[in-house]
Structures are given as C-alpha cells and as structure tokens.
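What follows is one structure encoded as structure tokens, with my remarks underneath.
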Amino acid sequence: MNATTSAAAYGPLAGADLEAELAQARVADSDARDAAILEHDGSASVVPLARRRTSGTAPDDAVTLSGVSKRFGARTVLDNVELGIARGSFVAIVGRSGCGKSTLLRLVAGLEQPSSGALVTRGEGGGALDTRIMYQDARLLPWKTVLQNVMLGLGRGARDQARAVLDEVGLLERANDWPAQLSGGQRQRVALARALVHRPQLLLLDEPLGALDALTRIEMHALIERLWREHRFTALLVTHDVQEAVALGDRILLIEQGRVALDQAVPLDRPRARASAAFAALEDRVLKRVLAGGPGAADHDAEHEADKVRPVGQIRWAV
C-alpha cells in the first residue's frame, strides 16, 4: 500500500490563512448499567497501554505514530508516542495546558516535523490523506463575503458546492454578508464550511469552540457531530473541555508528560445524552484522571501558547 509520511506535501489547510424516544424506564436502566460499567475498576472501555500497537501500521488506520518524539531545543514536548487513529473515527485529545496536545495536532497536520520516530498517513485507496484544520480563531478574510471565504482556493465553478456546504451549516442566507456582521458562533460555522467544502478525509480541530458561550458550544457540538456522521471523515479534536471530549469523541486520549497516559473508549450511544448517569460517570472518570497529573506535570508547548483563550468558570475544563 502506498503510504505518505509527515514529510509528504499536504493540500492547503483550510483555516490556516484561514450536529423514537425510549421509554423512561428503559433509559434509566440503560444509564444505570452503563454507569456501573464505567465505574468498575478495569473497565473494558479503557484500552490498556500495553495493548496499544507498538510497531507497524494497521490497514484501517488513517494516521499512525511510531516512537514519535518532538523536541524544541532542550525541551521534550512529545516523548516516544505510539498511536494509531482509525479511519472514520472521532478522537478527542485532552490534557493540561502545555502537555503537547497542539504539538501533536501540528505534527499530524504536517506543520511540524517529528524530532524522531515515524508519522505515517494513509488516504483512502493508499493515496495522500487530504487534511483540513480548524482553529479557535475563524480566520476569515474581512474584505470577502461569507461565500467568498468558503470558496477560498477554489474556482468559480465551485460556487454551487460552497452554497451547498453553507446550507449544511445553516448559513446559506448569510452567503453575501461580511464576516463582521456575524456572531462568533456563525463565524466558526463559516470556518467549518470552508474546511468541509474540500470534503477532507481528515479534519483537525484545535480548540475551535474555546471562545464561544456555553449554549453556542452545545449547538456547534450537535452540528459537528451531525456532519461527521454524514460524511464519515476522520476527526481529531484537541480540547481543554472534558465534557466536550465525551460529547464528541468515540475515543479520548489523555496526553501527560509528553505521552499517551490514558486511551479511553466512549461506549455511549449517539447523540449523547449529557444528563445521563453514564455520561456523567465517564466525564468524571476522565476529569479525575486529568487532574491526577498535577499542576506541574507537563512542559509547555513551544508554539502559540499566548493565543489560548480560556473561558472563566468552566468547572469541567482541565487547565
């Protein structure tokens, strides 16, 4: 199979210059059962570190890291990371500030190169893995309309395709508006549309909702989940918000001291019931594990730490 490595050229990264009710008794029984499973020590939902692949590449993996380390001068940010990301999966990465989450994302995006180890990406059919990235800042060009921002890098023949994607994110009626006329949540919807118009195989999300209010975040969660389920791209989300990780991911990775310290499956039905006992139990389990690392457990990322915007009063944020 033809594989591309992190040294191979990626396509342009959009955003870089740039979402039958069960009977109540059945719901309660299911929630209680799932919560009990999650609370049980040695739950099968937790993937033991020893079971993670240490060499080779599974044929269904879109991304594989084998012994990957990243150093900035004398500082080691990622240390011998072994990781496989299955094609079509939604993986959320959590951890304290500076643990290496964003560095890992930038390596996968090809914006940084590993100091050692191998990072392999595989597109469908063995070709290049078309990758797009979405940041906390929507990075829209203020002198271009919403539609023109979505069409960046595309020819005029893509107008209908861009309008269709704007319709998918609920902003078709704002196609001719300027970015300054939009709310923060609407601007992020445009950024999402700009990434999805290319129909990427891999979508990287670097804390894209961190600056939004709580209600808008929940609406964006529903939108992102719906589009992921429809298009089945591989998604890799970096977030400080453990609740967000449980809401969106089918797998949660905790980065601690430059390594994958926890690899947790999310055995919850979609769409996620945030008020369920199982959801709360899993959120609590992951949050406690994040906090157990201690405030001095991680070195700082060497890039864009000053760009982080962290809402105040989010009790489920691990910062």
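Just so you know, glycine gets a Cβ as well, placed from its N, Cα and C.
What you are looking at is a predicted structure, and each value in this text was computed from that prediction instead of being measured.
Looking just at the domain 'ABC transporter' (63-282), the mean pLDDT is 94. According to Swiss-Prot, the domain 'ABC transporter' annotation covers 63-282.
Residues annotated as ATP binding site in Swiss-Prot: G95, R96, S97, G98, C99, G100, K101, S102. The Cβ of G98 (ATP binding site) has 18 other Cβ atoms within 10 Å, all protein chains considered.
Sorting the binding-site residues S97, S102 by the number of other Cβ atoms within 10 Å puts S102 first. Neighbour counts of Cβ atoms within 10 Å were compared for the binding-site residues R96, K101, and the top value is held by K101. For G95 (ATP binding site), the count of additional Cβ atoms within 10 Å of its Cβ stands at 27 [all protein chains shown].
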